[in-house]
Amino acid sequence: MEINQKKLWLSLIVLYAITTSVLGDFGGPLLKGFYKESCPLAEEIVKHNVEVAVLKDPRMAASLLRLQFHDCFVLGCDASVLLDTHEDMLSEKQATPNVNSLRGFEVIDYIKYLLEDACPLTVSCSDILAMAARDSVFLRGGPWWEVLLGRRDSLKASFAGANQFIPAPNSSLDSLIINFKQQGLDIQDLIALSGAHTIGKARCLSFKQRIVQPNIEQTFYVDEFKRHSTFRRVLRSQCKDSSRDNELSPLDLKTPAYFDNHYYINLLEGKGLLISDNVLVSEDHEGEIFRKVWEYAVAQDLFFADFVESMLKMGNINVLTGIEGEIRENCRFVNV
C-alpha cells in the first residue's frame, strides 16, 4: 500500500512538472525566455516582421506601441483589443478612443499566422503585442528591454471599458492621474509613459481644442518671443476647418521619426501637441511633475530607464497566465 502511494505521488509530481512547464503556474508571474523551449524563434519572428512593417510605414512603430497601451488599459494586457465584434460581443475597436484611430491589426495578424505555422497554439496574441511594442520602440532609436512573457488571451472584450478607461487627448491632469491609478500606475508611470508621444501622429480632431482655446495652458515664464502663439498658428494652418479633422500632425514636431526625449523639451516650451500632454506642466501646481519633465528633457538616458521600468509595470496589468484564458489561434476571435 505504501509503495503504491509513493508511485501515485511520483506520478502526480511528474504530471505537475509537465503541466507547469507548458502552461506555467495558474496565475503565476511572467517570465524571461518563456518560449525558449516551446517556440525558440518566437521573438525573432516578431522582431523581423515588425521591422519589415516599420520600413514600409514608419508610423507603424507608434501604432504598434499604442496598441499595447490601449489593450492593457482595458481588462488588462490580454489582447482583448484585437477581438472583432462577434455575436453579442462588441469589439473595443469600435469604442470612441479606438475607432478610425488604432492601426496595426494586420501586422499582428500576419505575425500570428507565421507563429501558428511555426508553433501552433503556443504564442499568445497578448505576448505578440508586448514584443511588437518593445521592438517598435527600439527600431526608432529607443531603448531595448527583455519582455517578460507568458500572457494568455482573454475570452472577451469590453467596449464599455475602452470608452471608460482609455485617457482622452483633452484630459485634465487630475483625470490622467485617476486613469493611471485605476490601472495600478502612479504619477511617475504617467510621466514616463507619456513620453511614448515622442513618436507618432495625431488627427486634427484630437487637438482642435488646443487651437481654438489660445489661453488653455498656463506657463512658467512670459512668452516673450510668442513661441506658443506661433505654434498654435502652425497647428491652425494644418486644421483650418472640420473637413481636415482626419489630417495628421506629428506628436513631436522636432524629431517625429525618432524615439528620444524631445517630447519633454517640447512640453517645457509649450509645444506639446495634445492638451493631455501640456497639462503635465500647466496644471502641475506642486511642481513635482515639472521637475521630472525637466530631468527627462536634459537626461535622455534617465527617461529611457524609467520608460522601460514603466512599460514592464504596465505590461503586467491584470495578465492571464497558467490555465487562465486561452492561446487564440486567430487574434480576432476566441477559439471555437
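Yeah, the Cβs are placed from backbone N, Cα and C, and that goes for glycine too.
As recorded in TrEMBL, the features of this protein are as follows:
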- His70: active site, proton acceptor (ACT_SITE)
- Asp71, Val74, Gly76, Asp78, Ser80, Glu92: Ca(2+) 1 binding site (BINDING)
- Pro167: substrate binding site (BINDING)
- His197: heme b binding site (BINDING)
- Thr198, Asp252, Thr255, Asp260: Ca(2+) 2 binding site (BINDING)
- Cys39-Cys119: disulfide bond (DISULFID)
- Cys72-Cys77: disulfide bond (DISULFID)
- Cys125-Cys331: disulfide bond (DISULFID)
- Cys204-Cys239: disulfide bond (DISULFID)
- Arg66: site 'Transition state stabilizer' (SITE)
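The distance from the Cα of Glu92 (Ca(2+) 1 binding site) to the Cα of Arg66 (site 'Transition state stabilizer') comes to 14 Å. Proximity of Arg66 (site 'Transition state stabilizer') to non-local residues of its own chain (separation of 6 or more, Cβ distance below 8 Å) is seen for Leu102, Arg103, Gly104, Ala196, Gly200, given in sequence order. In this view, Asp252 (Ca(2+) 2 binding site) is surrounded by 26 other Cβ atoms within 10 Å of its Cβ, with every protein chain counted. Counting in whole angstrom, Cys239 (disulfide bond) lies 17 from Asp252 (Ca(2+) 2 binding site) by their C-alpha atoms. Of Cys77, Cys125, Asp252, Thr255, Asp260, all annotated as recorded positions, the residue with the shortest Cα distance to Asp71 (Ca(2+) 1 binding site) is Cys77.
Here is what falls inside 10 Å of the CA of Asp78 (Ca(2+) 1 binding site) among the recorded positions Cys39, Cys125, Asp252, Asp260: Cys125. Here the residue listed as 'substrate binding site' comes close to Phe73, Ser175, Leu176, Asn179, Phe180, Ser276: these same-chain residues lie at least six apart in sequence, with C-beta atoms under 8 angstroms from its C-beta. In this structure, the CA atom of Cys204 (disulfide bond) is 20 Å away from the CA atom of His70 (active site, proton acceptor). Cys125 (disulfide bond): 29 other CB atoms within 10 A of its CB, across all protein chains. Between the CA atoms of Cys77 (disulfide bond) and the residue listed as 'heme b binding site' there is a gap of 20 Å.
Counted within 10 Å of its Cβ, the other Cβ atoms near Thr198 (Ca(2+) 2 binding site) come to 29, all protein chains included.
For the disulfide-bonded residues shown (Cys39, Cys72, Cys77, Cys204, Cys239), fewest C-beta neighbours within 10 angstroms: Cys39. Between Gly76 (Ca(2+) 1 binding site) and Cys119 (disulfide bond), the C-alpha separation comes to 25 Å. Local packing around the Cβ, expressed as the count of other Cβ atoms within 10 angstroms, is greatest for Cys331 among the disulfide-bonded residues Cys119, Cys331. Between the binding-site residues Ser80, Thr255, Ser80 has the most other Cβ atoms inside 10 Å of its own Cβ, all protein chains included.
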